[in-house]
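Shown next, in structure tokens, is the structure this report addresses.
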Amino acid sequence: MVEPKYKRVILKLSGEALGGEKGFGIDWEVVESIAEEISKVRELGVEVAIVVGGGNFFRGRSAEHIDRATADYMGMLATVINSLALQSILEKRGIPTRVQSAIEMRQIAEPYIRRRAIRHLEKGRVVIFACGTGNPFFSTDTAAALRAAEIDAEAILLAKKVDGVYDSDPKKNPNAKKYDFITYLDVINQRLEVMDSTATSMCMDNQIPIVVFELAKGNIIKAVMGENIGTLVNVKEER
């Protein structure tokens, strides 16, 4: 049997991805599909932690009528809704799941404690990190990079609505070139829409590979196995 390339990963899910085609609210078919893939990944012995966005309910950066900090906190609360939804579907499949929140809300989630999160993973539980970093002005992409560094994740699996990283927007430019591999510095210098520069820099500093791929059936497993899918962001090409 082929061994997975990565044994401990952070799966970064955007809120829009959970919203399905509409990009708003929760598309339960999408969540069920994600849960099914996570179940298969766990069967391979891979430890899975998840960072989920909240853009399917609220985006802090797009709120014009309130100050940015307040808007970001509202966005963090949206990630809790998504985290609880994902936890419920995973547990319905018999997958033990813990939600850890960067902002304390003990009635519905554990507080984020690094050692406890690692222990959950070692015991085969899925851990969902809610509320981003707990600080305004930091994206959930940055939260994914931070948590990946803290729990010693071997890679960040960045599931998006596009099938990789392009040199320009493929929706606007039919001749856009897709990268199979690109360095962190090129992502930052070319201002490519992978992660924000803070998150990308953190991954570069801690040498955490980023696998960017489309959230489609079977792709999470392919990413874990190290198959040539989407785009790999790293210091140097290794696949």
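Cβ coordinates are placed from backbone N, Cα and C, and glycine is handled just like the others.
Listed in sequence order, Gly75 are the same-chain residues six or more apart from Arg59 (ATP binding site) with CB atoms under 8 A from its CB. Sequence annotations record features per position, and here Swiss-Prot assigns ATP binding site to Lys12, Leu13, Ser14, Gly15, Gly55, Arg59, Tyr166, Asp169.
Per-residue pLDDT, averaged along the region 'Involved in allosteric activation by GTP' (20-25), amounts to 88 for this model. The annotation region 'Involved in allosteric activation by GTP' is assigned in Swiss-Prot to 20-25 on the grounds of sequence analysis.
Look at Swiss-Prot and you will find Gly54, Asp72, Thr133, Gly134, Asn135, Pro136, Phe137, Phe138, Ser139, Thr140 tagged as UMP binding site. Sequence-distant contacts of Thr133 (UMP binding site), defined by Cβ-Cβ distance under 8 angstroms and a gap of at least six in the same chain, are Ala102, Thr142, Ala143, Leu146. In this structure, Thr133 (UMP binding site) belongs to neither helix nor strand by DSSP; it is coil.
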All-chain count of other Cβ atoms within 10 Å of Asn135 (UMP binding site): 15
Which of Ser14, Ser139, all binding-site residues, has a Cβ with the fewest other Cβ atoms inside 10 Å: Ser139
Pairwise Cα distance maximum in Å, ATP-binding residues per record: Lys12, Leu13, Ser14, Gly15, Gly55, Arg59, Tyr166, Asp169: 24
Of the binding-site residues listed as Gly54, Asn135, Phe137, Ser139, the one whose CA lies nearest the CA of Gly15 (ATP binding site): Gly54
